[in-house]
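The following features are taken from Swiss-Prot:
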ACT_SITE  LYS63  active site, proton acceptor
BINDING   SER13, ILE14, SER15, THR59, ASN83, ASP94, TYR201  shikimate binding site
BINDING   GLU74, GLY115, ALA116, GLY117, GLY118, ALA119, ASN139, ARG140, THR141, ILE142, GLU143, ARG144, VAL199, GLY221  NADP(+) binding site
Amino acid sequence: MKFCIIGYPVRHSISPRLYNEYFKRAGMNHSYGMEEIPPESFDTEIRRILEEYDGFNATIPHKERVMRYVEPSEDAQRIKAVNCVFRGKGYNTDWVGVVKSLEGVEVKEPVVVVGAGGAARAVIYALLQMGVKDIWVVNRTIERAKALDFPVKIFSLDQLDEVVKKAKSLFNTTSVGMKGEELPVSDDSLKNLSLVYDVIYFDTPLVVKARKLGVKHIIKGNLMFYYQAMENLKIWGIYDEEVFKEVFGEVLK
C-alpha cells in the first residue's frame, strides 16, 4: 500500500522516516511519502492524493479542509478535523494520542488550552471525553475560538498570563516554541501548575522553563505522536506492536 503525509510546510515531518523504517523492519511492502501542498492548491491536489494513495495523514493547515473530501468518523465530525485517512474514510487519531498520553496523570482544573486550530480541537475533545469540565481557551482571535463550538470559556492572548495564574493545567496547541519563541507566561504563573503539555515534539522554552520551576507533570508532543501513530497503523490494518515500539524508540531518541 501507498501512504503519505500532506501539509504546508511538511519538510520537517519525521513521519516518512518513522513509517518507512517500520515497514522495512516489519517486512511490509508499503511506502510512505511526503506531499507539500500550499493552501491555494489544496482543492485540486486533494483529489489526486485520494486517487494515488491508499491512506494518508494530514497536518497543519489541512486537517479541517480534508473533512469535505472524505467520509468522517463520528469523532472527526465532532472535532471538525481529520488527520488520518484510509480509503476515503477520515479519522481523528490526535485525540486518542492525547488521552493515552495522559494515562496515570491527574489533569487538575481549571485547564488552559492555548490555540484554536485542529490540535486544540483534538485536545479539548479528549479532555471532555476524560470528564474535564473547566476548560479555558486562549487565542489570538476570539472569533476562531468561538468557532470551536465546545463548552469552554474564551480569553484573548493578552490575558494569557493572568489566566494561567489561576489555572492548574496548561496545554500549548500552537506552533509557538518550534523556533525558540516563548509564550507570554511568567514564572510566577507557571510555577503553580501541576501539568504542562506541549504538542511540539521537542523541548520548547515552555517545557524547559516548566522543568526548571518543578512542574510535576510535563508532557511533550512526542508521546502524543507515539499513540497517534499507533492508532494510524491500527486503522490501516498493519500494526505490529513489537516492531513499532522498537522503531519509534530509535527514530525519536
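From the backbone N, Cα and C atoms, a Cβ is placed for every residue, glycine too.
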Separation of alpha carbons, GLY118 (NADP(+) binding site) and ASP94 (shikimate binding site) (Å):
9
Among GLU74, GLY115, ALA116, GLY117, GLY118, ALA119, ASN139, ARG140, THR141, ILE142, GLU143, ARG144, VAL199, GLY221, listed as contacts of NADP(+), what is the widest Cα spread in Å, to the nearest whole number?
29
So how far apart do the shikimate binders SER13, ILE14, SER15, THR59, ASN83, ASP94, TYR201 get, largest Cα to Cα in Å?
17
Cβ-Cβ neighbours of ASN139 (NADP(+) binding site) (radius 10 Å):
24
Looking only at C-alpha atoms, tell me how far GLY118 (NADP(+) binding site) is from ILE14 (shikimate binding site), rounded to the nearest Å.
19
In whole Å, note down how far the CA of THR141 (NADP(+) binding site) lies from the CA of TYR201 (shikimate binding site).
25
For shikimate, what surrounds SER13, ILE14, SER15, THR59, ASN83, ASP94, TYR201 with a Cβ no more than 8 Å from their Cβ centroid?
ILE5, GLY7, ASN57, PHE225, GLN228
Least surrounded among the binding-site residues, given as GLU74, ASP94, when other CB atoms within 10 Å are counted:
GLU74
Neighbour count, 10 Å Cβ-Cβ cut-off, for THR141 (NADP(+) binding site): what number do you get?
11
